[in-house]
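Structure first, then comments.
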Amino acid sequence: MDNRPIGFLDSGVGGLTVVRELMRQLPYEEIIYIGDSARAPYGPRPAQQIRTYTWQLVDFLLTKNVKMIVIACNTATAVVWEEIKEKLDIPVLGVILPGASAAIKSTEAGRIGVIGTPMTVKSDIYRHKIQALSPEMDVTSLACPKFAPLVESNQLNSSLTKKVVYETLQSLTGQVDTLILGCTHYPLLKPIIQNVMGPQVKLIDSGAECVRDISVLLNYFEINRSRDKQELRHRFYTTASAKSFADIAKVWLNRQVDVEHVTL
Ligand code: DGL
């Protein structure tokens, strides 16, 4: 047993899609979350900058005495997960491997699409991970640089968002039977993405998939939180406006959460 919280980080609010799934699958676990909305999006930034920012978020979480870190951001996972995992002596999970395995399981035609930030797509990490497991898979990747800023500004269902999603995904429609939402911000746009891709396309939420791995690791290291009656105190931190973060969190987590502004 280990009653310390699990730490989550993202460039902004996207990691909430992982937290939502954690609250559903592992409701006894306590959460510390840091979102770097002041510097989001990370996707168009150079790798070195993403690396520096991500380490700052990791160091912040370490000051909160977390028992595990979840890099709830594909972009940060693509750039720096291996390095962080090597350096820390607590388990560190990324979101890419779980999404890649789930897509292989889901596809029938062997045609997988990946949408993500410019950095995630440039790294080609999903193709590498998928083809390392299953070399015959066909993987088509597409960068969607406009999606994360729309989510950060809480435009989850605006007509502008619908137009942007429609226009961006045109080249993928009819090409794939499984689409990896390779950015944790994108599940917030899932209904629109599903509508554009068509009901036959299976959408893989890489963050949600990663919660299954969190559960496996908690069991493996025997660090689950005890199921006593002690109240959970989830804590959320943002480098930008606490109110904007809380507004999105309220919709997405269906509850009011305490959000504190921090400067890193
Ligand atoms: N949520 C992040 C991801 O999964 C990144 C969005 C961004 O900051 O560009 O890649």
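We number each residue from 1, going along the chain as drawn.
Just so you know, glycine gets a Cβ as well, placed from its N, Cα and C.
Note: TrEMBL annotation is automatic and uncurated.
As recorded in TrEMBL:
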type	residues	note
BINDING	D10, S11, Y42, G43, N74, T75, T184, H185	substrate binding site
ACT_SITE	C73	active site, proton donor/acceptor
ACT_SITE	C183	active site, proton donor/acceptor
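On the structure: features taken from TrEMBL.
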{"residue": "D10", "record": "substrate binding site", "Cβ neighbours (10 Å)": "32"}
{"residue": "S11", "record": "substrate binding site", "Cβ neighbours (10 Å)": "32"}
{"residue": "Y42", "record": "substrate binding site", "Cβ neighbours (10 Å)": "26"}
{"residue": "G43", "record": "substrate binding site", "Cβ neighbours (10 Å)": "26"}
{"residue": "C73", "record": "active site, proton donor/acceptor", "Cβ neighbours (10 Å)": "36"}
{"residue": "N74", "record": "substrate binding site", "Cβ neighbours (10 Å)": "36"}
{"residue": "T75", "record": "substrate binding site", "Cβ neighbours (10 Å)": "34"}
{"residue": "C183", "record": "active site, proton donor/acceptor", "Cβ neighbours (10 Å)": "34"}
{"residue": "T184", "record": "substrate binding site", "Cβ neighbours (10 Å)": "35"}
{"residue": "H185", "record": "substrate binding site", "Cβ neighbours (10 Å)": "31"}
Report task. Would you kindly give the Cα-Cα distance separating C73 (active site, proton donor/acceptor) and D10 (substrate binding site), rounded to the nearest Å? Result -> 5
Report summary line: Expressed in Å to no decimal places, the gap between the Cα atoms of N74 (substrate binding site) and C183 (active site, proton donor/acceptor) is 5
Query raised in the report: Cα of S11 (substrate binding site) to Cα of C73 (active site, proton donor/acceptor): how many Å, rounded?
Result: 7
Report summary line: Between the C-alpha atoms of H185 (substrate binding site) and C73 (active site, proton donor/acceptor), the distance in angstrom, to the nearest integer, is 8
Query - C183 (active site, proton donor/acceptor) versus T75 (substrate binding site) - Cα distance in angstrom - result: 7
Requested in this report: Report, in whole Å, the straight Cα-to-Cα distance of C73 (active site, proton donor/acceptor) from Y42 (substrate binding site).
Outcome: 9
Report task. Based on DSSP, name the secondary structure state of C73 (active site, proton donor/acceptor): helix, strand or coil. Result -> coil
Query raised in the report: Cα of T184 (substrate binding site) to Cα of C73 (active site, proton donor/acceptor): how many Å, rounded?
Result: 6
Requested in this report: Express the distance between the Cα positions of C73 (active site, proton donor/acceptor) and C183 (active site, proton donor/acceptor) as a whole number of Å.
Outcome: 6
